[in-house]
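Novice: When I checked TrEMBL for this same protein, it listed these features:
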{"type": "REGION", "residues": "B:1-39", "note": "region 'Disordered'"}
{"type": "DOMAIN", "residues": "B:62-289", "note": "domain 'ABC transmembrane type-2'"}
{"type": "TRANSMEM", "residues": "B:64-85", "note": "transmembrane segment"}
{"type": "TRANSMEM", "residues": "B:97-118", "note": "transmembrane segment"}
{"type": "TRANSMEM", "residues": "B:139-167", "note": "transmembrane segment"}
{"type": "TRANSMEM", "residues": "B:173-194", "note": "transmembrane segment"}
{"type": "TRANSMEM", "residues": "B:206-226", "note": "transmembrane segment"}
{"type": "TRANSMEM", "residues": "B:264-286", "note": "transmembrane segment"}
């Protein structure tokens, strides 16, 4: 762990300052590479916007110092919520500094939505405390509501009204005068590409339009903290990218975003830090880089010129790398988890010596998918000591 | 406000490396910090929610069916079915029946307040309202204000038709208007029972079922159709304590110019009791809602 700490942090910093991680991801996931350029674009724009690019990286490394220095956007201790017999949330501790995107990642029913609903004052916690910008959600709900805004998993707009009426309604409720409300509504409708649809009832909207309206509804007054509960679930890639653009624009402007998602790709793309939640508990926490590093330093993927030589290649790689080699669904491809990157060159040399021709190879960090399967699997296997695995390990690493 | 946003947009444009597509430009301008306006007053928030209820009527005019067709049907049905037998002539019966039918139809349509609320909760739009920094009861008060418009429409239908059929109120226009006003106050107060139930019941259907169970005895076992003196003693007792009977007595009195202050005060008192009990109960359930 300790050995790995410094390269990980370096990789992190690179990711935060511009686009390091995106290119890494694209080696694993073809779809992600499409968005690579866009993200770089946004990050660069964030810089010109006056946002300090090192800010998020610093935050990640000095989370413990920050706690004392400025109020946290979100702070929970031992948060618990039962629904009848089920413990939906079972002792969640979070300390999320203001600024940036924090991801809550977990499968369906992990308790992500329940956490968000408690933080947004929609649910009272059964035990533990939750503070938003220092205000207790249980006793000072009104102060919390003044700082936050929420976009739920399901479109939380009035389906019978038109898009424009929905936004005017919310603007009026937030205290805008009639004229101001109309002006702000027009601005949002134009920016979110809803001009054509603005006079139609929301029930006629497509999934993407609805989601955009939903987010627009959440930022009629720019909130300090925005809860986004699975904002891209059910959206096609184009609409998903639009939503991501909106989220990045908000963060560049200083809004803190708490995002829940079941898509690892999304957490990896957007979040500065991630808490992995399963069965109401946090089973791991850290930057995407840290989380990936905690399951091994990388993966070597090799594609052979001649598929028939694959078994031979597997034997060579297994002996040099001293690690299990997996055969991919592509009949000419195989991959191996590697602990020591130096051995990669040896392995390739060994393949050449055995006259096995390599048409393509990549070396990258493990994907969050691999990480996710690994930690959720680990947590179910060792139920008794589930507090000890990666969770604490990565957190210490993050504090360095 | 536009002036405050434009510098940010200009700064983005000035960066040659990232020539933004126009969409992104407006997007950044739209999310840039806008000052939070002062919190609206409780009255203003309630009126805004009332406006929402009116918009819903505009978009879904079918929901006016129950405030137009039902009252007409009831009035015609009962006048011509029972009038001759109960009061000797239909026109004599109409003078007694009309205030009662009016009360009955409006009291019945108060159920829809709870049903609408139940729908809102299902839709998720309610969650948004609950996370906004507004006077929290305004969601419900606003919905009730919107309903008052529906009650007024129903009242106009019944009275208009009644006048055509030969209803001649001795209390004149003032009497009729004050009777309707009293009915609106009573219905507004009674609605808090349905809003409380709207939070308890899981589906609009079950809510309708329970509401009917309460409303049928309240409206039928009353003095709307016949003089309670013809009923067995135990039933007469129920009728005499039934809030709807008190409402109908006061409305008849106001419409025919024979109401006493006591009649009206009882109704206002009952209304206050409904609000005092079910208002806080609704708000408790509102906050406890999961």
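Note that Cβ sites are derived from N, Cα and C of the backbone, with glycine treated the same way.
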Novice: With pairs 6 or more apart in sequence, are the transmembrane segment (B:139-167) and the transmembrane segment (B:64-85) linked by at least 3 Cβ pairs under 8 Å?
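Specialist: Answer yes, regions in contact.
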Novice: Which residues, given as numbers and ranges, are at least 6 beyond the ends of the transmembrane segment (B:64-85) yet have a Cβ under 8 Å from it?
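Specialist: For the transmembrane segment (B:64-85), the sequence-distant neighbours (Cβ-Cβ under 8 Å, at least 6 residues beyond its ends) are 57, 91-94, 97-98, 101-102, 104-105, 108-109, 112, 150-151, 153-154, 157-158, 161-162, 165, 225.
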Novice: Would you mind listing the long-range same-chain contacts of the transmembrane segment (B:97-118), meaning Cβ under 8 Å and 6+ residues beyond its ends?
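Specialist: Contacts of the transmembrane segment (B:97-118) (Cβ under 8 Å, skipping residues fewer than 6 from its ends): 53, 56, 63, 66-67, 70-71, 74-75, 78-79, 82-83, 126, 140, 143-144, 147, 150-151, 154-155, 158-159, 162, 167, 179-180, 183, 186-187, 190-191, 193-195, 197-199, 201, 203-204, 207-208, 211-212, 215, 218-219, 222-225, 244, 247-248, 251-252, 255.
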